[in-house]
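Some features that TrEMBL has for this protein:
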TRANSMEM  29-52  transmembrane segment
DOMAIN    45-294  domain 'G-protein coupled receptors family 1 profile'
TRANSMEM  64-83  transmembrane segment
TRANSMEM  103-124  transmembrane segment
TRANSMEM  144-166  transmembrane segment
TRANSMEM  211-230  transmembrane segment
TRANSMEM  242-265  transmembrane segment
TRANSMEM  277-296  transmembrane segment
Amino acid sequence: MNISNTPNTSSTITGFILLGFPCSREGQILLFVLFSVVYLLTLMGNGSIICAVRWDQRLHTPMYILLANFSFLEIWYVTSTVPNMLANFLSDTKVISFSGCFLQFYFFFSLGSTECFFLAIMAFDRYLAICRPLHYPTIMTRRLCTNLVVSCWVFGFLWFLIPIIIISQMSFCGSRIIDHFLCDPGPLLTLTCKKAPVVEIIFSTLSPLPLVIPFLFIMGSYALVLRAVLKVPSASGKRKAFSTCGSHLAVVSLFYGSVLVMYGSPTSEHEAGTQKIVTLFYSVVTPFLNPVIYSLRNKDMKNALQKFLEM
């Protein structure tokens, strides 16, 4: 691997070292076992939701179709980081190639953007179900649901295409150490041979938009939902309306709570350890908890999962 020690030489970095979670060899093995179990449970949990929706005819509604697609997304989202992290726990060099680093960067942030879009259309679905119940079947048709799902995937993967192409064309010199368990743009940009203010401005402008715009849409949808629920005269009707949104609100709170802590303030304000923990929460812990949240808080989903597991 050709690495320069100073940014003024023509040699550039062709690979990076992901420090991950530095600790003793025994600690690395323990972390490997822990995250292997979490990863497998995440795959099983989200996979069970997909299978339950697929095989239970009663769940062939827009709400559960969106949930199944969301679970499919979560499987790929956690897969974009955890397998490489597991390999690093057992590796002595912890090296990731230049192309591998940028592929991980692209897929991780593209899938994260897609998740934000999915959370927004799921909020839109709940808004229609509660605020427009009589028009819901004619508005949220199978065709519209399919178009929304496809749009989420397309926009999610197109959004970071230009930034990743620009950053991947830059030269990286000096230290090739990234004090993280994934290829994050903050540490990457600090390794560039020459500072590129224009690139940083483009990236800092484009990156928050898939996060902020869906978040504002979600808040607006639930503000209208709250207003509609408060007009319901009976307490049982209010509880039923809130239970319909409870699972989705819990997932939104977990995901956006951790992401906003991470990206709501300048990266320089966070210690490297804090960055890793917060990133770990929304990239690994949240996909692990989502099936639990949806299965425990949703009676139909709980029954469908029980039937599927008994097959």
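Cβ atoms are placed via backbone N, Cα and C, with glycine included.
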(message) Below 8 Å between Cβ atoms, which of the listed ranges 64-83, 211-230, 242-265, 277-296 makes the most pairs with the transmembrane segment (144-166)?
(response) 64-83
(message) Counting only residues 6 or more past its boundaries, what in the same chain has a CB within less than 8 Å of a CB in the transmembrane segment (242-265)?
(response) 112, 115, 119, 122-123, 126, 129-130, 207-208, 211, 215, 218, 222, 225, 229, 275, 278-279, 281-282, 285-286, 289-290, 293-294, 297-298
(message) If we skip the immediate neighbours and take only residues 6+ beyond the ends of the transmembrane segment (277-296), which ones have a Cβ under 8 Å from one of its Cβ atoms?
(response) 35, 38-39, 41-42, 45-46, 48-49, 67, 70-71, 74-75, 77-78, 81-82, 108, 112, 180-182, 184, 247, 250-251, 254-255, 258-259, 261-262, 270, 302, 305
(message) Averaged over the domain 'G-protein coupled receptors family 1 profile' (45-294), what pLDDT does the predicted model reach?
(response) 87
